[in-house]
Structures are given as structure tokens and as C-alpha cells.
Amino acid sequence: MSVPIIREPAALRAMTAGWRRAGEAIGVVPTMGALHDGHLSLVAAAKQRADRVIVTIFVNPKQFNNPDDLKNYPRTEEEDARKLERFGVDAIWAPEGDIMYPPGFSTNVSVAGLTDVLCGAYRPGHFDGVATVVTKLFRQTAADFAFFGEKDFQQLQVVRRLSRDLDLGVEVVGCPTIREIDGLAMSSRNLLLSDRARVKAPRLHEVMEEIAAGLAAGRPMPELVPPALLALEKADFLKVDYLELRSCNTLALLESPREPARLFAAAYLAGVRLIDNIDIPVRG
Ligand code: PAF
């Protein structure tokens with residue numbers, strides 16, 4: 001069955017008010033479209049947990065710090081709507097830019113600390129853009145639950161903190177990263193990879209798994225990172241923004257996994273910025 005696409009706040013409000021009156025729990029899956037199986041796994045998780053599910057599709061200009069990146073971001077709304085048909089999604093919330101940010105819009109939501117590192121350090125303003133739009137999406141959809149992928153682990157932690165700090169009343173549910181058969185983490189940005197680059201892209205995850213094996217054997221990060229960077233360079237990842245082990249909860253830098261930790265990477269392959277992260281078991 002085709003999924004209604006809502007573009008007007010009043011129509012969305014009427015719909016969610018009816019659901020809330022009926023005592024139904026609302027789940028939201030925020031996306032920027034170009035839906036892949038990773039997004040669809042979030043939708044499936046939302047269907048399990050909530051009575052009503054809204055998928056939002058909005059390419060949020062406030063979170064792009066590079067105008068070309070915003071211009072090139074894949075936009076595939078019709079196809080996205082078709083992909084959602086088989087999930088029994090109740091609505092797609094796809095507002096136009098000036099509905100989300102009307103003239104004179106001047107509010108910024110900023111989460112301190114967690115956003116100073118990793119992608120926050122390389123993409124100034126990115127997480128303010130995410131926090132601002134997610135706050136609006138949570139309010140607009142009157143959600144009880146929101147589903148985010150661990151692929152963007154820093155974003156997941158930022159949104160959890162945001163929902164708690166601002167008493168938004170939304171339970172933020174993290175869902176595992178979905179990977180292609182060759183290990184590449186699914187991402188809408190993968191569509192931007194040339195055929196040649198796509199073949200090399202899984203090397204990022206492989207190198208991360210090699211570091212994970214080193215950590216499991218008791219070797220510290222300063223010993224493991226230099227050969228990993230060389231391996232990435234060989235695979236044409238010419239710029240690595242970060243390759244770091246950090247605490248899951250605080251995102252503080254670690255040399256070895258003495259507390260729940262994740263290994264984070266961001267690197268450019270043929271002009272496309274790929275990010276990934278993996279869980280690292282606690283040792284010692
Ligand atoms: O992860 C994304 O696609 C975006 O950052 C989000 C959460 C939809 C906010 O625009």
C-alpha cells in the first residue's frame with residue numbers, strides 16, 4: 001500500500017493527535033532519504049516497538065558544512081516511498097526547506113562536549129545542524145521512540161543526550177550497523193562511489209577489524225595505528241580524518257579498551273568521505 005507523504009505541519013499534527021488520543025505509541029525514523037537496507041532495518045525495529053511509524057525524509061541544509069556535499073547528496077524520494085510500502089509505514093514526513101526553516105528562523109540547538117571530537121572536529125556546525133533538526137522532528141512527529149543507526153554512533157550519542165537534556169520525552173533506540181556482503185557499512189553516500197572506488201571501499205572496515213584483532217591481543221593503539229594508516233593509503237584512502245579508539249559513553253580517547261569502547265574511522269576515498277565504527281570488547 002502506498003505511504004502518504006505529508007508536507008504540511010497541520011496535516012501531520014492532525015494525524016499524530018488522533019493517534020495519541022487513541023493511546024497509540026509513535027515511532028519515528030529520521031532520515032535524509034536515499035534509503036538503503038540500513039534505514040529499512042530501523043523501520044523494521046520501529047514497527048516492532050511502536051503502534052504507528054513515521055519516516056522523515058528531509059535533506060537538512062544546516063548539517064552540511066560543504067555546499068557541494070549538500071548539492072550532491074542523493075535525492076530519491078519516489079523510490080524511497082516505494083521501498084517503504086512493504087513495511088506498513090503510516091506516514092512519510094517530507095517538509096520543504098522553508099517549512100522546516102521559515103524566514104527568520106534563528107534558533108540553534110547545540111550539545112556541548114560530545115560534539116567536540118571525531119566528526120564534530122572536522123565538520124564545524126554539523127552536529128548543531130543535526131541537533132536542531134532532530135529537536136524539530138521529535139516535536140513535529142510527537143514521537144515516543146526514535147530509531148537511529150549505530151553507523152553514526154556519535155550522532156546516536158548526541159541525540160540521546162539531547163533528548164534527555166531537553167526533556168523531549170523520546171526514547172532513542174540505537175540499532176546495529178547493516179553492512180554489505182563485503183563489510184562496507186551501508187550509507188547513502190556509497191551511491192557517490194565510482195565502481196573503482198566501491199571495490200576498494202571495504203578496505204576501511206577490514207583495516208578496522210585488523211586493529212580490533214591487535215587490541216584483543218593486548219597491543220595498544222599507538223602501536224596499531226601507523227601500519228593501519230599505511231594500509232589505508234595503499235588502498236587509496238588518501239586523507240584519514242581520524243582512526244581512534246574512544247569510550248562508548250563519553251567519547252574520550254583511549255589507548256586500549258579498559259572500558260566499553262568503539263573504534264572510529266573517517267577517511268576519504270576518491271573524494272567521498274566514508275565513516276565507520278565497530279564495537280571493541282573490554283580487555284583487562
Ligand atoms: O542520520 C541522518 O540521516 C541525519 O543526520 C538525520 C538524523 C536524519 C538528521 O538530519
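Positions of Cβ are set from backbone N, Cα and C atoms, glycine also.
Look at TrEMBL and you will find 32-39, 149-152, Ile178, 186-189 tagged as ATP binding site. Annotation source TrEMBL lists active site, proton donor at His39. According to TrEMBL, the (R)-pantoate binding site annotation covers Gln63, Gln155. As annotated by TrEMBL, beta-alanine binding site applies to Gln63.
Shown on the structure are the features that TrEMBL records.
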residue	record	DSSP class
Met32	ATP binding site	coil
Gly38	ATP binding site	helix
Gln63	(R)-pantoate binding site	helix
Glu150	ATP binding site	helix
Gln155	(R)-pantoate binding site	helix
Ile178	ATP binding site	coil
Ser188	ATP binding site	helix
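When the recorded positions His39, Gln63, Gln155 are compared by Cα distance to Ser188 (ATP binding site), the shortest distance belongs to His39. Taking each of the binding-site residues Met32, Leu35, Ile178 in turn and counting other Cβ atoms within 10 Å of its Cβ gives the largest count for Leu35. By the rule that a residue counts when its Cβ sits under 6 Å from some atom of ligand 1, the binding-site residues Met32, Glu150, Ile178, Ser188 yield Met32. On its own chain, Gly38 (ATP binding site) has Gly149, Lys151, Thr177, Ile178, Ala185, Met186, Ser187 as residues at least 6 apart in sequence with a Cβ closer than 8 Å to its own Cβ. Around the Cβ of Gln155 ((R)-pantoate binding site), the same chain contributes Cys119, Phe127, Val130, Phe148, each under 8 angstroms and 6 or more positions distant in sequence. A distance of 18 Å separates the Cα atom of Leu35 (ATP binding site) from that of Gln63 ((R)-pantoate binding site).
Here the recorded positions are His39, Gln63, and the one with the most other Cβ atoms within 10 Å of its Cβ is His39.
Cα spacing between Met32 (ATP binding site) and His39 (active site, proton donor): 10 Å, rounded to the nearest whole number. In this structure, the CA atom of Glu150 (ATP binding site) is 18 Å away from the CA atom of Gln63 ((R)-pantoate binding site).
Here the C-alpha separation of Gln63 ((R)-pantoate binding site) and the residue listed as 'active site, proton donor' works out to 19 Å.
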